[in-house]
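Here is the structure we will look at, set down as structure tokens.
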Amino acid sequence: PSAALALLCGSAATVVVWKWLGKRQIQKKMEEARRSRDEGVKKMAKAVQQFREQVPSVQMDAILSLPLLELTGRLREGSLSPKTVLYTYLEKALEVTQQTNCLRHFIPECEEQLQEIQQQREKGLLYGIPVSIKDHIGHKGHLSTCGLVQCLGARVQEDSVLVKVLKIQGAIPFAMTNVPQSLFSYDCSNPIFGQTLNPLNHQKSPGGSSGGEGALIAGGGSILGIGSDIGGSIRLPSSFCGLCGLKPTAERLSVQCTHLLNVDVCSHPTPVPCALGPMARDVDSLALCMKALLCQEMFRLDPTVPPIPFDEEEYASSAPLRVGYYDTDGYFPLPPCMRRAVRETREALQAAGHQLVPFSPPRVHYVMTELFLKTFFADGGHTWLDVFTGDVVDPNLKSQVNCCKIPRLGKKLLSLILKPLQFLLFLKLKNVAMISTCRSVTEMWNHHHQIEVYRTEFIARWRELQLDAVLCPVLGPAFTTGYPGKLLTAISSTMLYNVLNFPAGVVPVSTVTEADEEELKLYQGCCDDPWDQILKQAVAGAVGLPVAVQCVALPWREELCLRLMKEVETLSHEK
């Protein structure tokens with residue numbers, strides 16, 4: 001017995017030591033990644049300082065205040081040099097990331113790209129424009145971490161197609177921005193590089209998963225950024241940070257060499273695909289970016305992208321539009337200020353001569369639980385859980401990770417216990433881990449078919465009303481940090497158009513008022529249950545923060561979507 005006890009104790013001690021060594025190895029990798037980032041920041045700060053000493057007369061504020069269209073004009077005519085613009089934005093980015101922790105890494109090769117564009121025969125549409133890109137968009141020689149320790153080893157071997165086209169058009173990628181761990185969150189925090197803050201209010205989240213982009217652009221440290229969107233990851237940061245952002249039809253722009261959960265997006269297609277798209281301070285910037293990207297070089301480098309150039313005529317049209325509208329999707333009641341934004345925008349569009357038609361999206365509850373979540377948790381979340389193997393789980397994701405870890409029998413028992421209580425907070429968490437599961441290949445194929453059936457139903461209702469586009473709400477205002485992880489299914493307003501694969505964009509139209517804050521105190525949501533109370537806590541204290549609306553068009557009609565966004569932007573500025 002004593003020998004057996006000694007063996008047992010020795011085995012237990014071995015396990016403890018092994019786990020400790022594993023955790024220590026993880027900590028070393030994270031410390032090395034942070035040290036590498038900090039060294040890159042110091043080098044860039046030194047380069048900026050040297051430039052300022054060489055050219056002390058640069059009027060930084062004047063350059064930063066220029067809209068993208070005007071800046072491109074000044075660069076092309078030669079009244080501003082690409083070097084001056086690049087170092088101006090580098091200096092501002094250093095300031096913004098110091099305040100918000102929005103950058104994952106500077107791209108030192110931006111200085112080489114600066115030399116290359118000056119040797120190009122023709123000046124591209126984005127000649128001399130500094131561009132920031134989201135962490136997981138491939139750039140040669142750099143990591144695509146997705147906020148995961150397991151992704152810290154291998155560097156990307158070649159530029160993604162989108163980065164190649166940006167460079168061909170004269171743009172200068174200069175920074176990669178922070179993301180939430182695994183990208184499956186609309187906060188922006190990971191254990192390696194930490195929490196990114198909203199530059200408009202440091203108590204608030206910038207949104208996610210393109211939260212680093214949102215914070216950098218809103219803080220003035222970038223004039224144009226590229227994000228990705230698979231459930232609202234461009235539109236939610238745009239809403240939270242007061243930016244314009246466009247999620248195109250997924251196949252409109254190339255996603256080659258874009259990594260999601262440590263795999264190439266192209267090699268793992270899903271029925272709810274990932275889309276890359278632009279984020280900027282105004283709609284014209286989004287349109288210029290799309291025009292630059294939708295070029296022959298994009299179509300040549302990635303033949304899977306339909307060769308459809310940007311339709312300038314549709315974007316510039318002034319013909320009246322027939323616009324469907326709704327201020328709630330019937331699934332997740334949004335705060336009063338977001339519904340006010342839709343109402344005021346609807347009234348402004350009507351006064352401008354457009355025709356507004358009530359529209360109700362069908363069966364959003366079914367879409368959320370049976371279509372969207374089942375796409376990502378078809379195997380009960382096991383694939384997602386695998387990415388955390390040998391990793392530290394970010395606190396903002398722990399509730400979701402723990403929910404997925406519950407055994408299937410435990411989930412069934414939990415469902416039976418909670419169902420009669422109508423305890424919606426936990427029922428929503430349960431949706432992630434239990435309802436959204438495919439038990440066989442046949443069921444998986446049927447799931448794909450049901451998404452197509454729903455798209456057909458939605459388009460039929462759209463055409464029955466003869467709509468050009470739809471005006472609807474988007475989640476906001478900005479949540480207090482830490483709260484997005486508690487309200488995963490609050491993203492129904494954006495998620496719907498990922499399932500449908502419709503182009504959708506966000507435009508800020510107002511700000512939260514004292515009256516909105518008072519009205520929020522009376523907000524009851526569905527049932528005034530704990531879930532609704534958490535939403536009230538998440539958005540409280542937002543006076544002065546941006547309030548946005550969402551504009552949607554049918555697939556491949558990005559120009560029409562942008563055209564409605566531009567109209568909304570113009571009317572909101574006039575007001």
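Glycine is treated like the rest: Cβ placed from N, Cα and C.
Automatic prediction, not curation, is the source of TrEMBL annotations.
Here's what TrEMBL has on this protein:
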type	residues	note
DOMAIN	85-562	domain 'Amidase'
ACT_SITE	K134	active site, charge relay system
BINDING	L183, S209, I230, G231, G232, S233	substrate binding site
ACT_SITE	S209	active site, charge relay system
ACT_SITE	S233	active site, acyl-ester intermediate
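On the structure: features taken from TrEMBL.
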residue : record                           : Cβ contacts under 8 Å, 6 or more apart
K134    : active site, charge relay system : M176, T177, V179, S209, S210, G212, E213, G225, I226, G227, S228
G231    : substrate binding site           : Y186, V272, F372, I491, T494, M495, N498
G232    : substrate binding site           : Y186, V474, L475, I491, S493, T494, M495, N498
S233    : substrate binding site           : L183, Y186, G208, S209, S210, G227
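Per-residue confidence over the domain 'Amidase' (85-562) averages out at a pLDDT of 91. For the substrate site, whose annotated binding residues are L183, S209, I230, G231, G232, S233, the maximal Cα to Cα separation is 11 Å. Apart from the site residues L183, S209, I230, G231, G232, S233, the chain places the Cβ of F184, Y186, G208, S210, S228, D229, I234, L236 no farther than 8 Å from the centroid of the site's Cβ atoms, the recorded substrate location. Within 10 Å of the Cβ of S209 (substrate binding site) there are 34 other Cβ atoms, across all protein chains. Other Cβ atoms within 10 Å of the Cβ of L183 (substrate binding site) number 26 in total over all chains.
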